Amino acid sequence: MGFRKKNKSPPVLSHEFVIQNHADMVSCLAMIILLGLMFEVTAKFAIMFITVQYNVTTQVLDETSEPANLYQYGPKDVATVFFYLLIAVILHALIQEYILDKVNRRLHLSKTKHSKFNESGQLAAFYLFSFVWGCSILTAEDFARNPTFLWEGYPHTHMVFQVKFFYICQIAYWLHALPELYFQKIRKEDIPRQLYYICLYVVHIIGAYVLNFHRLGLVLLVPHYLVELLFHASRLFYFSDENKQKGFTLWALLFVIARLLTLTLSVLTFGFGLPRTENQGFSLAEGNFNVLTIRMTCLAAICLTQAWMMWKFINFQLKKWREHSQNQASKRKTQSPKSTPHKRDPTRGGAANGVVKSEDKTSPRARKAKAS
């Protein structure tokens, strides 16, 4: 990890050296980009990395109001995403070093739980930040006033600053998660699982951004992030105390509701809303992708993703149910009374099978000698 002091320094540019110092290297690269603002020759290139590009200023109908600052997307957004990817790597290292590692030392978790704890800690922080940010955008833009805003006026080529910057940060974060699999030394058996959901996030968010479905994407991300936040927060509490499992019950309920909400809004937008808009056709110049092929492809991608998530959810619940049943069965076995040995009835005078045994172990001849 970056920012961590080590007693033994590995060879320069070795794998271990890069893993331990990757945050420092990335910080230097980000500082070089920032220093580019100080010189006139490099300032125009540095601004392309730091600030949001493709500003389009439009004059509102009311002359007394200020012009509305709107943005479009373009190729220069790749540079902006790259810079904030570097920022995400730095923030990831800071959270890991100064929060998660300190908590891990107190909990003394196993290697498996240690890896899951770090994953949940990082994702919980990101989901919390994104959920609050997304809710503020929906409230400020009054997106939730009517479901028809999802398709009315399509193509939605213009975005306010908050919406565009939100998507830039989302893409940057999920792209930064790919090299973090190497930097964090993720176990081989955990890499496929994490690659699946990272790639799904990247494909869906970039698709919504490029195809000008950013309104629908934002509305679907906010409840999804809330559900994921609850899951990872519950898992963090579970690692601290295994008796704290009530959060998983609430998560299971909200998970199903979020999947139904996602399917409903997607079918409503791609199946009923967009086919009835005036702008039908395909045009890269106008940013119009309102054709049957693209609509059905997007809807199929969302439905398949939701079906895959429900399949994983059902398997997870069945696994927990089996573990709970096994634990209950083992508890019943330990609590069942043990079979007690049969005690001899003292009232029978030590008789066994109708024969009375004498407690005197001397021979009959010796007893006769004593009697005489």
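Count begins at 1; order follows the chain as displayed.
Here the Cβ of each residue, glycine as well, is placed from N, Cα and C on the backbone.
As written in TrEMBL, here are the features:
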{"type": "TRANSMEM", "residues": "29-52", "note": "transmembrane segment"}
{"type": "TRANSMEM", "residues": "81-100", "note": "transmembrane segment"}
{"type": "DOMAIN", "residues": "115-324", "note": "domain 'TLC'"}
{"type": "TRANSMEM", "residues": "121-140", "note": "transmembrane segment"}
{"type": "TRANSMEM", "residues": "160-183", "note": "transmembrane segment"}
{"type": "TRANSMEM", "residues": "195-212", "note": "transmembrane segment"}
{"type": "TRANSMEM", "residues": "218-238", "note": "transmembrane segment"}
{"type": "TRANSMEM", "residues": "250-272", "note": "transmembrane segment"}
{"type": "TRANSMEM", "residues": "292-311", "note": "transmembrane segment"}
{"type": "REGION", "residues": "325-372", "note": "region 'Disordered'"}
Whether the transmembrane segment (292-311) meets the transmembrane segment (121-140): three or more C-beta pairs under 8 angstroms: no
For the transmembrane segment (218-238): best-contacting stretch of 121-140, 195-212, 250-272, by Cβ pairs under 8 Å: 121-140
Selection from 29-52, 160-183, 195-212, the stretch that has most Cβ pairs under 8 A to the transmembrane segment (121-140): 160-183
Tertiary contacts of the transmembrane segment (195-212), as residues 6+ beyond its ends and Cβ separation under 8 Å: 73, 154-157, 167, 170-171, 174-175, 177-178, 181, 221, 287-289, 294, 298, 301-302, 305
Intrachain residues whose Cβ lies under 8 Å of the transmembrane segment (250-272), provided they are six or more past its termini: 147, 150-151, 213, 216, 219-220, 223-224, 226-227, 230-231, 234, 295-296, 298-299, 302-303, 306, 309-310, 313, 317
